[in-house]
């Protein structure tokens, strides 16, 4: 039977190696991951913080997204997925030339060999152009940087952040990506990180905690009271994050195959389970469900399943959801308040708990629950399996632990050095007078034409309303000047 015309080679735009379905899915998955950052995390950050920091928080995410893309194509992609320079680092080079980008995608250092020198698994060569792979992996690098930003919101000097983003991408992210995904020593040793539990979440959580330590805390008033300025908009950002995760984990096999399907299902199962467990714990311990808590539970479930999404059975995704909804809840709500160190370090959005703890938990659970038949679908080491399945599974768990220690250690060292170097030239923290003002001092802009951060209007504190005498008994005219009426609105959270 003749091959249908739609699947035939049509040079030069449709070479023989191009699979249109795989290419379409990879670009779709990349766009879904991009929507998690832009606008997902931009919206979430802008709405979950105090009103006076909405613009600054959104801008930090927006800037990181743009800067990472430029650095990625100039040098970083090939440091993470190119030819080997060191066992943990690739050779940096541009990914901009037509000849390079239009050729078949390839991860050159990914060929896996047996000890006798024969090939165990061939080089990773997806059936689409290199441009699709470069774009897909850029989205992972960008969201890692934006997640890290959550630890230092509401006080990091924007100039220091501008310098920090490219340096951390080059000297920290690319090392983890090459080591675990690009054909580095952990990749060939058989460490499992399906879609970034270690490369993205453990690294961003640890680096965020380290950055929060060196940058210093928010202002005293912000640490004591930091209400979200728009809970409903926060849910919109969270929804984009959840739905976008289907591209996050569904695109990891580099093809529209059966591993992609099981990964998408497991991702949603784990997220839903974790959200419900977190909410139940909130109700049991605090007496009422929290919307912010539900979002945190959703996040930890998505993070926990990431290193295992296409490699575990769906019942295991439920188990991982139960643990991801409870262990990070305990570290954030109970342990954090008892730890002198964690109390000292001001991690604004608790990225350490939601990403480092959940990412580490997911990586270790992968070493226990990875199913052998699913592992054989996509992993370079064919006999990989979790400890619960016998064989060499116990060794797999130890590999996961060692890899986690490497990622943690590298991020502590690299993030510290980068920030100390920047500190020589640029203060890491905003001056106190800017911290008291917020967005207007940092950007000359404000998110809303409203005063107050969930405060009741107090004339003795806030002054006269619109230049006129204003007392608690008097109220602005219902149909007066629009701007003046807006200024008189109070959001009481």
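Using N, Cα and C of the backbone, Cβ positions are placed for all residues, glycine too.
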Which range of 315-336, 425-446 is transmembrane segment, per TrEMBL: 315-336
Proximity verdict for the transmembrane segment (348-370) and the transmembrane segment (254-278), three or more C-beta pairs under 8 Å: no
Predicted model, mean pLDDT over the domain 'Ammonium transporter AmtB-like' (24-448): 95
For the transmembrane segment (198-216), sequence-distant contacts whose Cβ falls under 8 Å of one of its Cβ atoms, 6 or more beyond its ends: 140, 143-145, 147-152, 155-156, 160, 164, 168, 172-173, 176-177, 180-181, 191, 303, 306-307, 344-348, 351-360, 362-363, 403-404, 407-408, 411-412, 414-416, 419-420, 423, 428-429
Top partner of the transmembrane segment (290-309) among 24-46, 58-80, 228-248, 254-278, 315-336 - counted as Cβ pairs under 8 Å: 254-278
